[in-house]
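*Asks:* If you scroll down you'll find the structure; I have some questions about it.
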Amino acid sequence: MKSINDDASTQDVDPQSDHSSDYLAHPNSHPEPHPQPRRPRGFAAAPVTTNTGGKGKKEREKEKERTKLRERHRRAITSRMLAGLRQYGNFPLPARADMNDVLAALAREAGWVVDADGTTYRQCPPPSNGSFAARSVESQLSGGSLRNCSVKETIENQTAVLRIDECLSPASIDSVVIAERDSKNEKYTNARPINTVDCLEADQLMQDIHSGVHENDFTSTPYVSVYVKLPAGIINKFCQLIDPEGIKQELIHIKSLNVDGVVVDCWWGIVEGWSSQKYVWSGYRELFNIIREFKLKLQVVMAFHECGGNDSSDALISLPQWVLDIGKDNQDIFFTDREGRRNTECLSWGIDKERVLKGRTGIEVYFDMMRSFRTEFDDLFAEGLISAVEVGLGASGELKYPSFSERMGWRYPGIGEFQCYDKYLQNSLRRAAKLHGHSFWARGPDNAGHYNSMPHETGFFCERGDYDNYYGRFFLHWYSQTLIDHADNVLSLATLAFEETKIIVKVPAVYWWYKTPSHAAELTAGYHNPTYQDGYSPVFEVLRKHAVTMKFVCLGFHLSSQEAYEPLIDPEGLSWQVLNSAWDRGLMAAGENALLCYGREGYKRLVEMAKPRNDPDCRHFSFFVYQQPSLLQANVCLSELDFFVKCMHGEMSDL
């Protein structure tokens, strides 16, 4: 079987490459006549001149394209195979596994030993004297011992006892144990299930072993802290706490569930709502004092986006009024789609370093609010009440472009639209195109469809579409790099403002169209994660640089077969990739639920995601945030939530 490592030798379709060399190839490079050089990689490479005729050159180019298509097709099949092995077989395959990794995992599953250099052999050497080591079932056995036993073919003339060979390769549990007969020469060539009188003792032992491992038993599992997010709208636009008594009743319910703490959004549109650099924290001070009375931990969100647009809350909290006033004269401070429509949910990342906000840049505005908060509540930091600060980095507080805006007409499962048509991001795109020697690439794709398009309906996202040609890779690299640069710039100042405090960044779960080669919805959101490369790695490298905790939005519901088929979604595959990519880089991971209310099965899925059962490194979430409108509402089942909290704490079985 040809491995993907071998396939990677083809220059233009290297799946492991980050294509950085694509942007470094010199347009004026000239090849040596003898020997004939390989064609330079990248969209900036000059044509290769050869002494052969034009017809031969065209044939070679056609064959090269056919090879690329075959490799992409084979890689897509490999990706689905790996996803199935991870999801249904619990194989701990790395994020960029190839066929060698698959073969090694299958060999180990079958009981073979596979060394790092590929040397493969059975776990135990073959018997030297024609007999197998065996022991009586009366000795202490474990579940692993029973799984690693095989049929004993040589029976010695001894008292009839049950014997188990420990050196052969593992076999099915139902067919590995046989009873020894009194006859010296009698041999068994086929195993039989443990269901006879001769095997009653072993059968009982197997039942005892299985009874000790319950599928829903979360006792003695790692302790995962649980926070409840307080509903938006508890503080009005004048920064006044609306209903202190109602908040106290809410906290009484939260405390009764043995929850570790609460999460509070600090809205930029409230704190600095009316005048530039005039910060009002009075309502938050009153709220934090109440939380202190209940001895709950506190996480605070620096919310630099609008509330009420795509959020589940009924409250409407816009950006600061003075910012909206600037936007009336300069609409390019907001994200803009291809049709020129402006999205006022958050500021465009194009102004991160542009002094268009009353003499300040975008990142300076964010830093000034974070610094004001740190100074105002220094006493709460000192006493440890504030345990962490989450920094909002985009739409809905998540690190993403506002590509799925319902106010623009988007409906699930549309692919969304690129949000890069304000003049500041367009200037950035022009500079990038000029830097790479292709000024005519300073444009967004004109065949990427609309908010509610499907990938196959577009020329850009369809299979073998423009997303995978030279221009497409250039544009998507620039688009995702803008997201990465924004995170890097803001987090550099956040770590300065909140020194020695845990900082959190929320990553979205864009799971629809995950099974298509282009991953169209992720591309418009800013994650360059098509089939041929890992788009989360460069993002998490920046998060690791600033030692932040990655909080992932988790889905706790089960999709019907029809729902899973139509948009080719794969929430489990996405979760596996994101969490393992973060953990492999040493990041702390946390979770937050996406829906407002769950049944018991939904809670169970959230717990299993927070504490994976078969992870050999025993990795798990550091905390989990449960968001809901209010625990006082009738549709919130407190008994179910109590089960969930106890399972997260490792105190409850039989969820």
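Cβ coordinates are placed from backbone N, Cα and C, and glycine is handled just like the others.
Please treat TrEMBL annotations as automatic predictions, because they have not gone through curation.
Pulled from TrEMBL, these are the listed features:
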- E398: active site, proton donor (ACT_SITE)
- E592: active site, proton acceptor (ACT_SITE)
- 1-14: compositional bias 'Polar residues' (COMPBIAS)
- 56-68: compositional bias 'Basic and acidic residues' (COMPBIAS)
- 54-200: domain 'BES1/BZR1 plant transcription factor N-terminal' (DOMAIN)
- 1-71: region 'Disordered' (REGION)
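Help me picture where these features are in the structure shown.
*Replies:* All protein chains shown were included, and the count of other CB atoms within 10 Å of the CB of E398 (active site, proton donor) stands at 22.
Counting every protein chain shown, the Cβ of E592 (active site, proton acceptor) has 24 other Cβ atoms within 10 Å.
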*Asks:* What is the interatomic distance between the Cα atoms of E592 (active site, proton acceptor) and E398 (active site, proton donor), given in whole Å?
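*Replies:* Rounded to a whole number, the Cα-Cα distance is 12 Å.
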*Asks:* Is it possible to list how many residues within the compositional bias 'Basic and acidic residues' (56-68) are helical, extended or coil according to DSSP?
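*Replies:* Helix/strand/coil tally for the compositional bias 'Basic and acidic residues' (56-68): 13 helix, 0 strand, 0 coil.
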